[in-house]
Amino acid sequence: MGACRIQYILLVFLLIASHWTLVQNIYCEVSRTLSLEDNPSGTFNWTSKAEKCNPGEFCQETVLLIKAEGTKTAILASKSCVPQGAETMTFVQYTAPPGLVAISYSNYCNDSLCNNRNNLASILQAPEPTATSNMSGARHCPTCLALEPCSSAPSMPCANGTTQCYHGKIELSGGGMDSVVHVKGCTTAIGCRLMAKMESVGPMTVKETCSYQSFLHPRMAEIGASWMPTSLWVLELLLPALSLPLIYFP
């Protein structure tokens, strides 16, 4: 009888300990960043302060990077506690070089201070500079990245392989962000597809609006055009399985 009572007490203790582990508060790094950087892979410091989260919350870190050749790189980054999610690490390239490049990284995790990435060196693998011989002298586009409309953007030559001049803006909200980036430049995307029609990046909602001038159809211009993606690949790390499936959308 005594042995059974001891086993019962141990079982209750284990259940209480397990429940406490599931609902305990964790600490997460918290920050919001909107900036334009010359060399984000080498100079951007993503170190953040820590805050205690509510019971059951996860940590997250998300960054969206947009780059135009010959300009700075726009960085929109968020670290915070989030009320729900699954432990997942995701890298997405929405638009590939040459021309405008848009990529994102997002990490959801469930350990204290697990959203502790402090730089972008392993996230932003800068494409090789396009050789002058690969530039098409007949194709030029106004090119800029700015936090406000850039009406006087300089006209720059486009690399072979680009398909149109892009002129638009990316609006992000949620995850502590409420920001707009204005984008102009040559691109390989078709239509209004710098973000490949994706509507969220981590906890942030994305809205893309644009006009564009196709090199094949110069008079084509559309706001919020709907096209199928030309290049989008997702590298997803599901923890703790540590599997790395690669998904490609032709």
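Every residue gets a Cβ built from N, Cα and C, even glycine.
Marked as signal peptide by Swiss-Prot on the basis of experimental evidence: 1-25.
Applying an 8 A CB threshold to same-chain residues 6+ apart, the list for Asn45 (N-linked glycosylation site) reads Asn118, Asn119. The annotation N-linked glycosylation site is assigned in Swiss-Prot to Asn45 (among others).
The N-linked glycosylation site annotation in Swiss-Prot covers Asn110 (among others) and is backed by sequence analysis. Packing around Asn110 (N-linked glycosylation site) is summarised by its Cβ count: 16 other Cβ atoms lie within 10 angstroms of its Cβ, all protein chains included. In three-state terms derived from DSSP, Asn110 (N-linked glycosylation site) belongs to neither a helical nor a strand segment and is classed as coil.
The N-linked glycosylation site annotation in Swiss-Prot covers Asn134 (among others), and the record cites sequence analysis as its basis.
Residues annotated as domain 'UPAR/Ly6' in Swiss-Prot: 141-215.
According to DSSP, Asn160 (N-linked glycosylation site) is assigned to coil rather than to any helix or strand. As annotated by Swiss-Prot, N-linked glycosylation site applies to Asn160 (among others), with the evidence given as sequence analysis.
The GPI-anchor amidated glycine feature in Swiss-Prot is assigned to Gly224.
Asn45 (N-linked glycosylation site) falls within neither a helix nor a strand when secondary structure is assigned with DSSP, and so counts as coil. Cα spacing between Asn160 (N-linked glycosylation site) and Asn110 (N-linked glycosylation site): 45 Å, rounded to the nearest whole number. A sphere of 10 angstroms centred on the C-beta of Asn160 (N-linked glycosylation site) encloses 11 other C-beta atoms.
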